[in-house]
C-alpha cells in the first residue's frame, strides 16, 4: 500500500478517532430534526424545506455548491504547478450571479414549479424539450457524482490506509440514509458543516505556512518571484489552455448553466419565500464566494512558499500534483495529532454532502419530468409522491456507487465525466435563453437547437482527443532539499498495482485540471484539426451559441399559432421589447394559475385546486395529465377579437376531423 509516512496504526490512532467522530457528528447533526424536530410531511417540505432554512445557511450552501471539492484540493495544486491563470475564472463566477438573479430567477418565481425543467414544458408545450434538458442533467450529474465520491477514497487510501471500496460504500450508504431521512434542509445543514470545516482547515494551513516561511508577506512574495502570480493575460489565442479571456467567458457560460439551469441550485432559490429574499441572498453571496475562492488559492500560495526550494513531486515523495495538499498536512501537522484525521474527514464529508444534495435534486427531476406522467402514477397523493422520490434517490445512490467503482477500474470514466460536463453546459443554457429571451422560439426550434448543439460540441470534444496540445507545468526545483525539509518519518512511496493504475483526479467538474503533460501541438493544422485545438474553456460558449442560433432559425421557419404561451413565461424585458418590434402582434394565452410566488403569504399552505387538462406534448399523442403545483390552461381555438392581445393555445382538434 502506498503511504506518505511509515507510521503504524498506533501512531495514527488519534487521526482515526477524529475521522470517525467527525463523520458521525456531521451525519447525525443534519438529521437531528428528523427525530426531534419538525418532520417533512409533504413533498414540498422535503424538496424545498419550506420556511426552515436561514439566509446564512442558504448562502454557505450555495457557495459550497459553487466551488465544490476542487476548491479544496484542485486550486492549491493548480497554483503550485501551473500558476494563477485559473484564478481568473472568478470573474466569470461573479459575473454570473447578477445575471442569474435578474434574468433567470424572476421567471422561475412566477411559476411555482418543483422541477426547473417543468418551465421548459410550460414555455414550449413540449415533453420532448423538457426530457432532453432533464435527461442531460441526470446523465451529467451521475457521471460527475461517481467521480466526486471516488475522489476522497483514493486520498484516504493513500494517506491513512482505508481501502477505497470501504470509503466508497460508506459514502454511498450514508448518502442513501440522508436521502431517506432528510430533505433539502438536511442537505444544506451538511453543506454548512462541511463549509465551516474547510474554512477552518484552510486558515490552519495558511497559518502553518506563515510560521514555516517566517511571515505572512512571504506567502505572497515567494510565489510572485517564482512566476506563479500572472494576471490579465489577454493573448487572443483560442487554442491556449487558459488566458484571461477564456477564463472569464468560459466560466461565465459554465456558471450560468450551473447556477441558472441546474436543479440543485434552482431548488435552493425556490425554497425561499420571496424574490427579494432570493436577490438579497444571491447578491450577498458574491463576497462570500470571492473570499472562499481566494482562500483556496492563498492556501496554494502558502504550500508553494513552503516547498518552493524542494518540490515533493519532483523529489519523488508524491506521484501526482493533486497529492500536494494532503502531503503538506501530513508533513507539517505531524506534531498535532488528529489534524490529519479531520482533514481526511472533511474530504469524505465533502463528497458526502455534494452527493446528498444532488441525490435530492436528481430524484425530484426524475419524478417530476419522467415518472409523474406515467399512467401508473396518476392520481397518487402527496405522501405517496414523497415516498417515490425518496426511493428514486436511493436507487441513484446505488448507481453513483457503481459509477464510483467503475472509475476505480476504468480511468476513461473520469475523462468521460469531464467531457460530458463541458459538452452539455452550452445546450442546457442555450435552451433556457431561448425560452426566456426569444419570444418567437418554439418547441421545434428548441429541440433542434439542443440536438444540433449536443452533436457538434460532442464531436469537437472527442475530436480534441486526437490533437496533441501543449500543457506544460511551471518549473520547480529540488536544489533546496535537505534532511530537515520534511518531517521525520516521511518516506518515498511504494507502489501498488491499484494506485499505479488509478488516477487521483479531484477536479471532476472541469477538464482543465488534466495533469498529464502533453507534447506541443503541430503548427499549421487544417480543418477540422484547428477546430479540435480550440480550448475546452470555450465549449460552453460554443454550445450556447449553436443552440440559440439554430433554435431561432428553425422557430422562424416553423412558426405556428399553436406556439402561443403565457407571457409570464418570458422575461419581462424580452416581453416589452417584443411589443415595440414591427410586424404582426404576438398573441399570448392567459394562464390564471401562474402568479408571482412572493404575492402569497409566507408560511401559509396554499393548495391549488387540481384541474385536469388536455395537454399536447408534441410527441405525436395527447394525454390527460396533472402537473404538480402548476396548472396549464388550454382554451378552445376561438378567434381573437380585433385589437386584443389575448392569446390562445390550440388543441389538436383539426386532427380529429
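Note that Cβ sites are derived from N, Cα and C of the backbone, with glycine treated the same way.
Computed from a predicted structure; not experimentally measured.
Straight from TrEMBL, the features:
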type	residues	note
TRANSMEM	44-69	transmembrane segment
TRANSMEM	89-111	transmembrane segment
TRANSMEM	131-150	transmembrane segment
TRANSMEM	162-184	transmembrane segment
TRANSMEM	196-216	transmembrane segment
TRANSMEM	248-266	transmembrane segment
TRANSMEM	286-309	transmembrane segment
TRANSMEM	333-352	transmembrane segment
TRANSMEM	388-411	transmembrane segment
TRANSMEM	417-438	transmembrane segment
TRANSMEM	445-465	transmembrane segment
TRANSMEM	536-559	transmembrane segment
REGION	615-657	region 'Disordered'
COMPBIAS	623-635	compositional bias 'Low complexity'
COMPBIAS	642-657	compositional bias 'Basic and acidic residues'
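Residues 238, 241-242, 246-247, 249-251, 253-254, 257, 422-427, 429-431, 433-434, 438, 440-442, 444-446, 448-450, 452-454, 456-457, 460-461, 464, 511-512 of the same chain, all 6+ positions outside the transmembrane segment (536-559), place their C-beta atoms under 8 angstroms from a C-beta of that stretch. Panel annotation: around the transmembrane segment (196-216), residues 22, 26, 60, 71-72, 222, 292, 295-296, 298-299, 302-303, 305-306, 325, 328-329, 332-333, 339, 342-343, 345-346, 349-350 of the same chain, lying at least six beyond its termini, place a Cβ under 8 Å from a Cβ of the stretch. Tertiary proximity for the transmembrane segment (333-352) is limited to same-chain residues at least six positions away from its ends with a CB under 8 Å from its CB atoms, namely 5, 12, 14-19, 22-23, 26-27, 68-69, 72-73, 148-149, 151-152, 155-156, 159-160, 167, 170-171, 174-175, 178, 190, 193-194, 197-198, 201, 204, 208, 326, 487-489.
Beyond its flanks by at least six residues, the transmembrane segment (89-111) meets 66, 118-119, 122, 244, 247-256, 259-261, 266, 269-270, 275, 278-279, 282-283, 285-286, 289-290, 293-294, 432, 436-437, 568-572, 594-598, 630 of its own chain at Cβ-Cβ distances under 8 Å.
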